[in-house]
Amino acid sequence: MHDIIDTFAHDSWVLPYLKRYKGLLLLVIFLGFMTFFCGSALMFTSGYLISRAAQRPENILLIYVPIVLTRAFGIGRPAFRYAQRLTSHNWVLRIVSDFRKKLYLAVEKTAVTIRQERQTGDILAVLADDIEHIENLYLRTIFPVIIGWLLYIVVTVAIGGFNWAFGLLMFLLFGMITIVIPLISVAVNGARVYKTREIQHDFYVGLTDSVLGLADWVIAGRQKDLVANQDQPIEAQVRLRRQDHHFTWWRDFTTQMFVGIITIVMLVFADVEFGGSDKLVNWIAAFTLAIFPTIDAFQGIAQGFTEWPSHQASIRRVNDFDHNEKTASAVPQVEVVPNDFTALNINDVTFQYENGKAPAVSHLNLQIKKGEKLAILGPSGAGKSTLLKLLLGDLTATDGQILVNDIDVAALQTHRAELFGVLDQQPYLFNSTVMNNVRLGNLAATDEQVIAAVEAVGLGELVAGLPDGYQTAMSEGGNRFSGGERQRFALARILLQDAPIIILDEPTVSLDPITEAAILATIFKLFKDKTIIWVTHHLMGVKYVDQVRFIENGQFEMVGSPAELYQTEPRFKKLLDLDRGLTTE
Ligand code: ADP
Ligand code: MG
């Protein structure tokens, strides 16, 4: 109980909604109650009717009332059930839609902070799983438990009206099913359900991480380990599920045992109460049969209780999301005309991730002037991506400054798209037409400008050959196009965007050497007047740049033009020769 209060103490995801749609909630509970009430009443009147009919009444009119009632309850039960389903789902869908919006706003407001503090998989887990759990919290826990308990009270009070002692006995017997077994369930099985959920959650996080870093696993030759890693949690889950099934079986068996006991007790009671008289004897069947439908309602309680711990974990997690929310740093934004871009300065920049041991980059200094081309090389984990995120303002330097024309990048975030064109490893193509996808670079571009950009990146012929030309739909992710073609589409976008600084984060990492060489040639031809900062992991195309910087352990190591480094750094010479040999440039 303390646990439950604790969970809801700072809750802003469940309770407010219970309040907001109060009327609908009451309707759901009323309809649910009526469904079971009609079920019981149907059995009650049928029991009476069958029993009375067996006495061969002289006139059909003597059993006319129970006949009508049987019909009424018979129709009433499915009708109420249907209405209850409709209203409860309506209720849940309303909430879920509010929910998604709330979650979106929470994520959007703190997109930068989240990227720093959370793994992508974490958010995926919330989106995919927690919302569904809170849906189920209502549909499978809250509604059934309230309806079940309501019925429990009404039934025992009704029986108590006949005979208070027997009412008390029934109160205790039903209590086994409605209270004791659910409590045991949650104590025994709750932990298991919770554990299953935790494994599932870790699995999402781990899997996302692995997928995002897929290339690294392949490069390390550890594909087998990757697959084995994914199997492990699945096996653990299967084990837990099996125990869960076992427990559920025993729980249902015990419940049925009590149902048997209750039925017999009811039969005995009804016999003692009504057995003596020819007139009253028919009530025996009525009372006894009426028990069965209530059991359905009571069984939902135990199920709902068992699922509580896993729902609880979700409630905690979404609330956690809220409370960790930091308001985005309110750096006042400035006006700039990006065409006036003159230089980008990195002044003694250090950045440490909150959960990182050592700084990811430390004391970096660099100046890039308008039109200069820089290549940044370094092994995986050296800090290349971190540096690019700092440049773009996605991360804020722990120490030092990054200045565009003497203005801190943090103050330029509203003009980001006018300053930076970014091409990364996997540009995203949306489920829309070719025209719309390319126009994303600059929504004000005319059709002619879009076509010119597509032709400039060398895709004119390809698009002309598509079934609907520029109106052809790119399926989501752009599956119909090769990796090189997707990069070219992304280049067309950046071309339209016409920003002075182009950031390339290993844009050719997933391409074959021939496509890679062609794409690099296109990039450096198209953007020959722009400033380019290019992160790469090998030396193909390095001849295009003015300056090369090696980064290792978050620090710049070798610096110079390709020609200088070729002369002075044997390591560079060796790498370049190796690369040439490999690719016969
Ligand atoms: P690169 O792009 O050169 O492969 P990164 O900039 O991605 O390297 O990473 C630099 C270092 O920072 C690595 O040690 C990496 O583990 C760490 N790092 C990267 N992202 C995060 C993060 N979100 N949280 C904590 N540490 C991180
Ligand atoms: Mg990287």
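Cβ coordinates come from backbone N, Cα and C, glycine included.
What TrEMBL records for this protein:
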TRANSMEM  24-49  transmembrane segment
DOMAIN    26-270  domain 'ABC transmembrane type-1'
TRANSMEM  61-80  transmembrane segment
TRANSMEM  137-159  transmembrane segment
TRANSMEM  165-188  transmembrane segment
TRANSMEM  249-269  transmembrane segment
TRANSMEM  281-302  transmembrane segment
DOMAIN    344-578  domain 'ABC transporter'
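Contact between the transmembrane segment (137-159) and the transmembrane segment (165-188) is present: at least three CB pairs lie under 8 Å, with pairs separated by 6 or more positions in sequence.
Sequence-distant contacts of the transmembrane segment (24-49), counting only residues of its own chain at least 6 positions beyond either end whose CB sits under 8 Å from a CB of the stretch, comprise 18, 63, 66-67, 69-70, 73-74, 76-77, 80-81, 83-84, 87-88, 90-91, 94, 143-144, 146-147, 150-151, 154-155, 282-283, 285-294, 296-297.
Under 8 Å from some Cβ of the transmembrane segment (281-302) lie the Cβ atoms of residues 36, 39-48, 50-52, 55, 140, 144-145, 147-149, 151-152, 155, 174, 177-178, 181-182, 185, 251-252, 255, 259, 262-263, 266-267, 269-271, 273-275, all in the same chain and six or more residues away from its ends. Below 8 angstroms of C-beta separation, residues 31, 34-35, 38-39, 41-42, 45-46, 48-49, 52-53 of the same chain, each at least six residues beyond the ends of the transmembrane segment (61-80), sit close to that stretch.
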